[in-house]
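*Asks:* Mind looking over this structure? Questions follow.
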Amino acid sequence: MMAKPNGKIQFKNLQSHGVLADPDFPKRTWKLLKTAMRQIHQQNASNLSFEELYRNGYNMVLQKHGDLLYNNLKKMVDKHLKAVAKTVSESIDEKFLLELNSSWINHKTSMLMIRDILMYMDRNYVKQNNLSSVFDLGLYLFRDNVAHCSTIKDRLLNTLLSMVQKEREGEVIDRILIKNIVQMLIDLGVNSKNVYIEDFEKPLLLKTSSHYQAQSQTLIQTCSCPDYMKKVEICLKEELERVSHYLDSSSEPKLKEVCEKQLISNHMRTLIDMENSGLISMLKDDKIEDLKRMYNLFSRVSDGLNLMKDVISSYVKEIGRGIVMDEEKTKESGTYFQSLLDLKDKYDNLLQNALYNDKQFIHSIQQAFEYFINLNPKSPEYISLFIDEKLKKGLKGVSEEEVDIILDKILMLFRLIQEKDVFEKYYKQHLAKRLLLGRSISDDAERNMIAKLKTECGYQFTSKLEGMFTDMRLSQDTMSGFKTYIQNLKKALPIDLNVHVLTTGFWPTQNTANCNLPREILLCCEAFKSYYLSNHNGRLLLWQTNMGTAEIKANFPSKSHELQVSSYQMVILLLFNDQSKLTFKEIADQTGIPTIDLKRNLLALTNPKNKILDRELPSTTSSTTTTTTTATSSSTSTSPSSSSSSISTPTPSKSIDESDVFAFNTKFKSKLFRVKVMAVVQKETPVEEKETRDKVDEDRKHQIEASIVRIMKARKTLEHSNLVSEVIKQLQSRFVPNPVIVKKRIESLIEREYLERSKQDRKIYNYMA
């Protein structure tokens, strides 16, 4: 409803005078009022006495002539507005709206004056008879006689729509004039906006829809996706400006809906699928601004973000699947996992800078990563290997803050691994090597990683890892006591022995065949065993020669070197103090080293980088020379030895064959005095993979059974499907149990009388205390 002027004519000390019954009073008084109202309509009211006019109107109502006054007013204004409508209709071109606006302003002003004159009638007669007020009556009459005049109504609509269209096409229009006309339509609805809605808003929305339908079809065929979106942004901005300048605010959501439907909703799929510029192209080329623009536009319409989210998720799955199934990338665990980290960084950046960290996109992309990272059964091993590489040398020279960031990134992908128990197996193996070989770049970094795993998976997950650190600390104390013990005996050992005492349950120990250690080594081992068992009665020591290292002195013709080798390599090299050359079988028989481990260590010793041994075919002949090797220390056991040995010339080979013959490399040279010769790191053999998997499966059986018992102990009675669901829910932080395996473990527990089937329903289990 229009805002009515605050100014009113004030009548002070007005008194009612007795009026004698006069049959001509109504007619005479109306004539006087009518003349005054005509002058008001003609904008010639300066000489009128409004106090006298008010008194006449007051007396008319007082003398019960309110109906006459009201009806005559209606007729007079009606007649006047018909003349106004004729004048407006006759105006041409651009003068049409100006004339209409002028007539409207004059009419409002006139009706305000007339309202003040007939104020008493408004407050009494009109209110008592539930009629429209004087001013509202004027609005209704203007609506019916002018705005809805047959020669004005359609012309008014067409003129307004034409002006809006011209502005859309870039022309400058009189926004203030349109605003006044729009306000007129709003005012003519009195207490509603029906006139504005029916006469202008609805046709405007239809016109807007057809305009942008045509424009969008043209743009979608001629523009790239980014260019189209930029033009859409401009269109939407201009439409909002239109609302603020001359439309009613209630039109904004309706206008937005129409524009967004034609410009966005109807073309979402086309925009996404545009070749070389659509959503996939933006993702490939990291078009952050374009992706952000698409998010902003698609967020305006129903299902826009869902469509965008699904396409991104499918694309991420496709790219991730390509990485985890790429044979070249999976050959190197570092390359494999770094590719996944790079992909994660890329989409974390996209989420933050283009998608406003929208939770539904975060969840969708995370699900995509979880999908493809678990396609490769080796992912748990590769994550552990990647961490192993970082904690050995990849974090060297990096600040604590940067280390924390890198470990957190790794942990983000670790969370997505379903087989966390498999990861734990490999992590224990790799951590054991780092600790025993002293390869960790930082004890703090190791503990930081374990703390993060503990936060992520709980104490049970890391308790054995923490136990490994405890063993390392206690071993230092044990060795300190052992050295004091030897000193007190006043009998020096032939080598500097360092032993790590490992708790079987914590470390990934193996039931390997005992290696045939030299006599001097065995002497040292027995001395340590005697000391240890005297302090820890009832314990059993099993030597893990495969996990040890040694430092031995090797005398080559050119110079002497200190070799850092594994315990197996030490045992192999010491054989050449007594023999000139040895076949693979002879080395195997004399050392007792398992074939797989023997091949790995011989491959390391014949590696061109640090070629300590030569290989030759059985028929090859060679000259000989003499060298001496002396063992100086070992993590588990070592033995000194000194004697001559004949060695053969080298024969290149990339793999160890059981027919190979080995000899000491007299031509070995190195700029370094201390030469590190460690076993060649190879991927697990199929047999080793099966052993690891069997261990994991066996552990899972126990964990599933423990979970079943815990649940049934608490619930007492439970239906099969509910029990399986609860077991999966309880264990999914470590691995996702196969329902078939869960069923087998339930049956095993029934056989062992932990559970029983209900007699009423065999699908229901009861806990047996």
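One-based numbering along the chain as shown.
Just so it is clear, glycine is given a Cβ too, placed from its N, Cα and C backbone atoms.
In case it's useful when we look at the structure, here is the feature table from Swiss-Prot:
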{"type": "COMPBIAS", "residues": "618-653", "note": "compositional bias 'Low complexity'"}
{"type": "CROSSLNK", "residues": "Lys713", "note": "NEDD8 cross-link"}
{"type": "DOMAIN", "residues": "699-761", "note": "domain 'Cullin neddylation'"}
{"type": "REGION", "residues": "614-655", "note": "region 'Disordered'"}
*Asks:* Based on DSSP, name the secondary structure state of Lys713 (NEDD8 cross-link): helix, strand or coil.
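*Replies:* Note: Lys713 (NEDD8 cross-link) is helical by DSSP.
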*Asks:* When the domain 'Cullin neddylation' (699-761) is classified with DSSP, how many of its residues are helical, how many are strand and how many are coil?
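*Replies:* Final tally across the stretch: 42 helix, 6 strand, 15 coil.
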*Asks:* What is the Cβ neighbour count of Lys713 (NEDD8 cross-link) at a 10 Å cut-off, with all protein chains included?
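*Replies:* Its Cβ has 11 other Cβ atoms within 10 Å.
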*Asks:* Given the model, what does the mean pLDDT over the domain 'Cullin neddylation' (699-761) come out as?
*Replies:* 89
